[in-house]
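Here is the structure we will look at, set down as structure tokens.
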């Protein structure tokens, strides 16, 4: 790179001094500088920054016009300025002396040739780039995850707080507000539910007789320390039934009692007669077949069954050894 810079800058100088007599000397100086620059360029690969540190910008020293003959002076050292002025015939030294070569001008200005600054080689390491990209990605993801985690924790805390408050409010409301029946339930289910809700307390498993009710009252009068729950377990009824019996003002009447006793006796006799009739019918229907005591419908059906059986080939009611059975000719 440094050799290319020297060559480009010196080519411009050679273009200016192509009609001068010292063209050969410039060519020699170019060869010297090119050899020195090639040797120095082999030691260090990056030389753009080194050439900038030497305060000599060979690429940007001159700016040429369209025809390439005239150049503008931009930034040059004093030695190079004098050289260019002597070559172009503008300065005090109008070829009065032998013009200095570029190598001599550089030696005068710097004492020695500008040494290249050693800079670290910029080599593209794919592994390091991938590592840096990975670290940057992990840092970015960690940052995003941290922010998301913080936001998630804040959101969860907020939601938990709101849910806690909502649960507390729900508990308080459910404790006070009664539960309404579901609209989708049919009317007969609602009716049963309402009846159970109304009459759940008054739901005795059996009805007590008047004698039992009198006994219950006597027990409570003689033993007041008995509780309603204990009396309900003793008579096998609900506690509410015991409470209503004790609170009622019913008093048994002798006339009513005689009437009730007579009615019960009649019901008992009727029930016994029905049981005896059922027994007689069962005994009468249990007789042999084709008996006159059997119903008429059964007498008409029995001969038909016998005719069907006798119509079969080799019909016999039973079978015996060494005889045909069922027309199959098998002998047993």
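Including glycine, each Cβ sits where the backbone N, Cα and C put it.
The region 'Disordered' annotation in Swiss-Prot falls on one of the ranges 3-36, 37-70, namely 37-70. Looking up the ranges 85-125, 126-166 in Swiss-Prot, the one annotated as region 'Disordered' turns out to be 126-166.
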